[in-house]
Amino acid sequence: MHLLLVILFFLEAQFCVQSSDSNSPAGENLATNGLPFPWSKVRLPSYIVPVHYHLLIHPNLTTLRFNGSVKIEIDVKNNTNWVVLHSKNLKIFTATVLDEHEAHLSDKVLSVLEYPSHEQIAIFSPKILTSGEKYFLYLEFGAPLSDGFYGFYKSTYKTKAGETRVLASTHFEPTSARMALPCFDEPIFKANYTVRIRRGPSHIALSNMPLEQTVEIGNGLFEDQFEVSVRMSSYLLAFIVCDFRSVSGMTATGINITIYAVPEKWHQTHYALEAALRLLEFYEQYFNILYPLPKLDLIAIPDFQAGAMENWGLTTYRETSLLYDPDISSASDKLWVTMVIGHELAHQWFGNLVTMEWWNDIWLNEGFARYMEFVSLEAVYPELKVEDHFLDTCFGAIGRDSLNSSRPISSLAENPAQIEEMFDTVSYDKGACILHMLRNFLTNEGFQSGIIRYLHRFKYSNARNEDLWDSLIKTCSEEEFTAGEYCYSSTQATKNAYRFAGEHIDLKKMMYTWTLQKGIPLITVKRQGRKLYIGQERFLKIVLPDDPSWHSLQEGYLWHIPLTYKTSHSDYEMKHILTTKSDVLTLDEEVDWVKLNSDMNGYYIVHYDEEGWNALTELLRINHTALSFKDRASLIHNAFQLVTAGRLSLNRALDLIGYLKSETHNVPLLQGLGYLQSFYKMIEKRNIADITHNLKTYILQYFRDVIDKQSWSDDGMVSDRRLREEVLSLACDFDYPPCLEKAKHLYNSWVESNGAISLPTDVSETVYMVGAQDDSGWAYLLEKYGVSMCETEKSKFLSALASSKDSEKLSRLLQLGMDGTLIKTQNLPSLIYLVAKNPVGHFLAWDFVKKHWDELVEKFPLGSFGIRNIIVGTVTQFSSTEELREVGCSFVVLKGMIICFDGSFTALLFVLFV
Ligand code: BES
Ligand code: ZN
């Protein structure tokens, strides 16, 4: 029951806004010592503003504690005699207030009130702090280094010789700076930071800024003092004490870039250096603003909850997100490292230089950074073909956004758990997809000059959703406007109008329909002669037009949709903006087919009438290259989405993908394969041998040619290599004999050489999986897991180990993950997912989650990436009625699908085919 509540909380987070806090009068809330706490809101008062932090911090890597002091220069905007700021799990030893000459306002040590449920403390000043005057707040504090992944936390690694070493690192976003120092921990409070760190002689200290000087302070200790930072939000502060090795290089503009890793992984850092140098240079040009710090570090931390973090000047990464070993890592690993670096470096502008005012607009950071991964890699690494993956980003967003439980891109978030939940596919992926739609609408140049304007306007400051839309287009005179310039006219009549395909558009109004309203539109198209009858509605899974709740769920939903389409008679894109529920377009001539949403650059799904689908199915069959690979992939995607929404029959979708036998592009192939595989996975669990076998044969007939064509090597472009990785893994998973034989052969030679020969990196995971199926192979891989010095290799071993069909072995793995020594706790969520997707393991994983729920939540707090992956990883494997009942669903079976609602009938948990 407990778990169910959490799942529902997670899905319905947008309705659970805490309201009592902001309304209760001051004084009702009691501090830990029983005295009234002077502030009742979750957010800090705005009339005390931090200006400059002087921080001294000393982590002791033997006692695993840290002590620190902070002197904060504050600006007082209203007279007051108390200061409220954030602090979490810190012991405050002393607190004083100093005047502008740094004289104490009182001889007495001031009392500090603590209000843990808001993670706040209050300090009373003996004298009124007067508006307009300058003061300093001085606090001394200490705490154990945190055991998890937030605040100032402990991380460990093992050397080849078996020695365990400790380091201390920070992760603050969104609300954990307060675990390392008392501070004003909200993004709007930008300040300068001067950091000093104490350390022993065998360690180095790092922070956002370059080292200014080191002083020996006795007792074998050193104090490193760092240059004063630029103005930034508290969540971007970072410091690390470790014994890592590094490589450095300099950009053309003189920025010193350094990659750090544990000493024995030093040789895996070189690729990241090259990528960071090239990507930073790209961003400086693209944004037309130089990177403002003298240095940028990228460091691989052995224990890391997320994938990476953009701390200004000191970006931190999970080892798999930064380290690349050319002999062991695969093509996908390389792409991943490059994308993560592209993402974190984009944040140095989007997020660090310009920050959202509050977490409700976190998409301004994350949506942009996700989108810039694609823009930057396309420009800097065209050979990686990153554009092949962009559609997957939008497909992921659509998966979530077509459920009623989705949320608008900008939505309310007040307390830390709600804030943490904002880092989801809506902020990241939907954010990126609507930016892509906007860029296609404004043209690349228009988009780029718009965001340059935005960055200049808000640098070192904060912005909201509307500020972005206001900055995107320059204002111009009526004459310029009439002459067709891309600009807003400043005259009243056409104010905020923007010219698009000859029409005048209000861009802000248009973008509000995408950011303030949840969901994704479905465009319906009926063709009669030269007329196209177009309609828009909200695309929803589960609720069909004949359902009583249909109308209320549609009510009020309307988007301004930039439509594009191609026809059999036009090889260029036609454009039209749809701002009403329905519209009629007239084509120049009669055509054989129409395909809307060219290259799926727009964030909407398209449903054609019977003839429309027939014409496109026929076109794919006869001449599929008449459509771009993105158009082909999006047709497959749209068709299957419509199937899961009960709007198109499964047979129609299967007809559409019938052409895949002649498809050679990896994107549509993998799209089709993905849907077929998800059917297979569901059937496989039902243990009906003949159906499983028939389905396997059915799927293999589509892909046998592609499989047979593959070489077991690393040859070819990244896209060829990714296709090889996927189809060979599928072939062996389906027990396709030629695949098993080849994999077994490679596995044996690898074992015989005791791991000395290197396997082709793209197929190594498949080879290990085949090897892990017997006792000795499994034991050998576990042993290799324990000694490998390459995290990407280890993740392939782990995935092979978790594919064993022996449930005892799977239980042992989960136990090892819980224990956290051989398998690090950071890898537990993905291990649980790996076990859950194994047909033998899915109950096991679920039982494990239920049994260890309390411990799991302790390791991965509610709202965190970790716990969300654990929940989603296990429950999405469910498809039988018993399983759905297990997670407390009330469900209905409708038109060949199982549909699962939560108790309140507002959120859909699953839609599954039966
Ligand atoms: N700013 C985030 C890190 C973060 C995530 C902080 C969640 C707080 C909560 C960082 O820029 C990010 O987006 N990291 C991604 C990496 C990815 C984009 C490649 C992550 O951790 O998954
Ligand atoms: Zn990010």
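Don't overthink the numbers, they just go from 1 along the chain as shown.
Cβ coordinates come from backbone N, Cα and C, glycine included.
Residues His343, His347 are recorded by TrEMBL as Zn(2+) binders, and the candidate that the same record lists for that site, out of Glu319, Glu366, is Glu366. Cα separation, Tyr428 (site 'Transition state stabilizer') to Glu366 (Zn(2+) binding site), rounded: 5 Å. In this view, Glu366 (Zn(2+) binding site) is surrounded by 23 other Cβ atoms within 10 Å of its Cβ, with every protein chain counted. The Zn(2+) site is set by His343, His347, Glu366; from the centre of their CB atoms, other residues of the chain with a CB within 8 Å are Glu310, Glu344, Ala346, Phe350, Gly351, Asn365, Phe368, Ala369, Arg370, Met372, Glu373. Averaged over the domain 'Aminopeptidase N-like N-terminal' (49-236), the predicted model reaches a pLDDT of 96.
Sequence-distant neighbours of His343 (Zn(2+) binding site) (same chain, six or more apart, CB under 8 Å from its CB) are Ala308, Glu310, Ala369, Arg370, Met372, Glu373, listed in sequence order.
In the shown protein chains, 25 other C-beta atoms lie within 10 A of the C-beta of Tyr428 (site 'Transition state stabilizer').
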